[in-house]
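Trainee: What Swiss-Prot records for this protein is below:
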BINDING   Pro260, Tyr261, Ser262  L-tryptophan binding site
BINDING   Gly295, Thr296, Tyr410, Arg430, Gly444, Ala445, Gly446  chorismate binding site
BINDING   Glu322, Glu459  Mg(2+) binding site
Amino acid sequence: MPDSAALATDPAAFRDAAGDATAPTRAVVEARLPVTDPFAAYRRARGDAPSFHYETTGGSDGWGYFGVDPASMLRADGAGALDTVQAAVGARLARVGCDVPHPGGLFGWLSYDIARELEAIPDTTTDARGLPRLQLGVYPTIAAWREPFTPGDDLRLIAAVPVDEYTPDGAFEAGRDRVQSLAAAIRDGDPAVGPPPADSPAPFESVAGRAAFESRVRRIQDAIRDGDTFQANVSHRLDAPAAVHPVAVFEALRDTNPAPYSGIVEFPGVDLVSASPELLLARRGRELTTEPIAGTRPRGATPAEDDAARAALRADDKERAEHAMLVDLERNDLGKVSEYGSVAVPDYRRVDAYSEVLHLVSEVTGRLRDSCSLRDAIAAVFPGGTITGAPKPRTMALIDTVEATRRGPYTGSLAAIGFDGDATLSITIRTLVRRAATYHLRVGAGIVHDSTPAAEYDETLAKARALVTALGDAGGIGRVADTTPDNS
């Protein structure tokens, strides 16, 4: 590895951009550093500060990011969480030739419970874990890279410098120093996270249990028959006490379950390890995209079995009806903030393959109205309709009556939000939450009139399998206990 990163930003172009600033502005200094593996670079650089690493695995095109030393942390415990986000973005960003979608910004997670400030949802669940509604780090300095990544490719080391705090020359020097400091941390840092725990770990156990989950399914089906909802996503939580470091779990998960929205967030009091397949919202300028997933089949053991499962998924009347309903819901959500006539479905009902399951996926797009902000766009689609149901407000109220505990980060978002307001937010499904040496894994299923309760419970365990296996590979117990409690 070189002793320092090679500067890619032209100093004269940077000074011109900084000197032309007429409003609070950040300007980008970029350097390049070839590495073997971005995650290995993250492990060396992370240290003890709040940090994150996002990547697109499995061969998908995209961008990866990591940050290891935030300028500050944002946390919201009550109403106004999305206002906190909006207040932190909107700067005029001078990219100075940088093509990275989010060259610095806010990275972290949003809780499903932000929905309580967007809709009138009765607060009938408990919150024993005491998690905030939002936890984001403000990262002016990050590393980014193109996916898929080939060993020897460049990391883009980026500093988004607030130029109004410096002279143009001083701003460039500050950015140069920041990217070289990150390069030094990558070169000299210690990647160790400690040995696997010596104590005997325990398997995952469902907090609810099979019988209670199946009872939840039947209660939702009663509500469907009464006309209160058409479809609802019902979940339960699996818990496993384990001292395994989340970095080790994420490293195992990268191999067992590559996903387009994978990441680890190591923040005060809570760690997230995510392998989400689902995009909640992407904003690029005024262009908006969401990609709802609705419809699941287990992978086959052979290519022929996979092909048969794909065909069965596409042909299944229940899955087709559920998918169509949720695509319509997402079209309606984007329509709340999009220019009239701009909402479209350019990709409908494709089948995407993951390590354990196949999914039906569609793409819905729109163009954000000039009068609407990033906060408005997030509020329009949050939380995702595929993990609530339709109609969304009434269904979220029903979910609250059947689920005993708050969801927290589950079905919220893992967020990358640029200082300019461009953003990428996944839905935090297939996500482990670690708090106080216990891993929590919440999994759910979409319930419709003709769902089979036992089959829906089995589907939730299929969705959990890759993450349960990853914890086992890292030193925990890679299974769900056969005997689980029955807590309605």
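Heads up, the Cβ atoms here are built off N, Cα and C, so glycines get one too.
These numbers come from a predicted model, not from an experiment.
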Trainee: Of all the binding-site residues given, namely Pro260, Tyr261, Ser262, Glu459, which is spatially nearest to Gly295 (chorismate binding site) at the Cα level?
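Mentor: Of all the candidates listed, Glu459 is nearest in space.
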Trainee: For Ser262 (L-tryptophan binding site), identify the closest of the binding-site residues Thr296, Arg430, Gly444, judging by Cα separation.
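Mentor: Result for Ser262 (L-tryptophan binding site): the nearest of the binding-site residues is Arg430.
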Trainee: Expressed to the nearest Å, what is the distance separating Tyr410 (chorismate binding site) and Glu322 (Mg(2+) binding site) at their Cα atoms?
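Mentor: Rounded to a whole number, the Cα-Cα distance is 21 Å.
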Trainee: Write down the Cα-Cα distance for Pro260 (L-tryptophan binding site) and Gly444 (chorismate binding site), rounded and given in Å.
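Mentor: Rounded to the nearest whole number, the Cα-Cα distance is 20 Å.
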Trainee: Can you check what DSSP calls Glu459 (Mg(2+) binding site), collapsed to helix, strand or coil?
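Mentor: DSSP assigns Glu459 (Mg(2+) binding site) to helix.
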Trainee: What does DSSP say about Arg430 (chorismate binding site): helix, strand or coil?
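Mentor: Coil, per DSSP.
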Trainee: Taking 10 A as the limit, how many CB atoms besides its own sit near the CB of Gly444 (chorismate binding site)?
Mentor: 26
Trainee: Would you count the other C-beta atoms found within 10 angstroms of the C-beta of Tyr410 (chorismate binding site) for me?
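Mentor: Tyr410 (chorismate binding site) is surrounded by 24 other Cβ atoms within 10 Å.
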Trainee: Over all shown protein chains, what is the count of other CB atoms within 10 A of the CB belonging to Gly295 (chorismate binding site)?
Mentor: 25
Trainee: Tell me, by DSSP, whether Tyr410 (chorismate binding site) is helix, strand or coil?
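Mentor: Once the DSSP labels are grouped into three classes, Tyr410 (chorismate binding site) ends up as coil.
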